[in-house]
Amino acid sequence: MEANTLFRLKALCLLCFNVCFTLASDPDPIQDFCIPKPMTSPYHDHHFSTNLPCKNSSEVTTEDFVFSGLKTAGNFTETGFATVPVSPANFPGLNTLGMSFVRADLKPGSINPPHYHPRATEVAHLVKGRVYSGFVDSNNKVYAKVMEEGEMMVYPKGLVHFQMNVGDVTATILGGLNSQNPGIQKIPSVVFGSGINEELLMKAFGLSLKQIGTLKKRFDPVMSNEH
C-alpha cells in the first residue's frame, strides 16, 4: 500500500513538473504560420492572443512576413529615450511564433530605466554608440559593463535590467524577446505610479509624505496628467 502511494506521489510530481514546464513559455505553433484575420471587435488584441482565427493561406502574401518599421527611431520622450516595439499587433507575421522585438534609441546621457519582462528573456544588440548596460540577479548582484558597438548582452527572464548612453552620439539598440507578449514593468512606475499605499511607501523607503507625493506626481499617469 505504501509503495503504491509513493508511486502515485512520484507520478503526480512528475505531472506537475511537466505542466509547469509546458506553461513556462509561449505555446508551440501547430501550423507553419498564422497570419491573424483583421479583427473589428475592440475586445481582440493581437498582442495578447495566440488563438485568433488565421487568414486562409491563399490570402497570405510575402508582405505579411516583412516589417519595415525599425529603419528609423521612434518618437523621443523629453528624457531622450525612444522605442519602436514590434509584436503581432504591428507585425502579423510574428503571430504564434513566440517572439517579439524592440528598437531603442537613447540620446547622450539618457537612460532606459530599470525594468523587467515577466514573460521573456531579452537579447540586446548594440548597433551604435556606447551604453552602460546590465541586470540584477535575485541575490542583488549587479552584472553590468559599458557595451561597445557590435556587442550583445542577455537579460534573463524576470530580472531587472537597465541601459544608459555614456557616449557622445545617439545610441541604437535592437532587442529580441522570446515571447510575443513579454510584458514590461518599469520599477519607478510600478512603485510610485501604481497606487500603492503612501504610508507603506514611506516606511519602505524612509521618505516623507511630501517626498512620496513628489514622486507620485512624476510617475503616476493620472496625477501627472493633472499637472
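Using N, Cα and C of the backbone, Cβ positions are placed for all residues, glycine too.
Matching TrEMBL disulfide entries to the candidates CYS13, CYS54 identifies the partner of CYS34 as CYS54. Note: the oxalate site is recorded as ASN112, HIS117, GLU122; in the same chain, VAL102, HIS115, TYR116, ALA124, TYR155, HIS161, GLY175, LEU177, PRO182, ILE184 also have Cβ atoms within 8 Å of that site's Cβ centroid. Using Cα positions, the member of the binding-site residues ASN112, GLU122, HIS161 nearest to CYS34 (disulfide bond) is identified as GLU122. Neighbour list (ASN112 (oxalate binding site), Cβ cut-off 8 Å, at least 6 residues apart, same chain): PHE81, ALA104, LEU106, PHE162, GLN163, MET164. For the binding-site residues HIS115, HIS117, HIS161, the ranking by surrounding Cβ atoms (within 10 Å, all protein chains) places HIS117 first. Mean model confidence of the domain 'Cupin type-1' (68-213) amounts to 96 (pLDDT, 0 to 100 scale).
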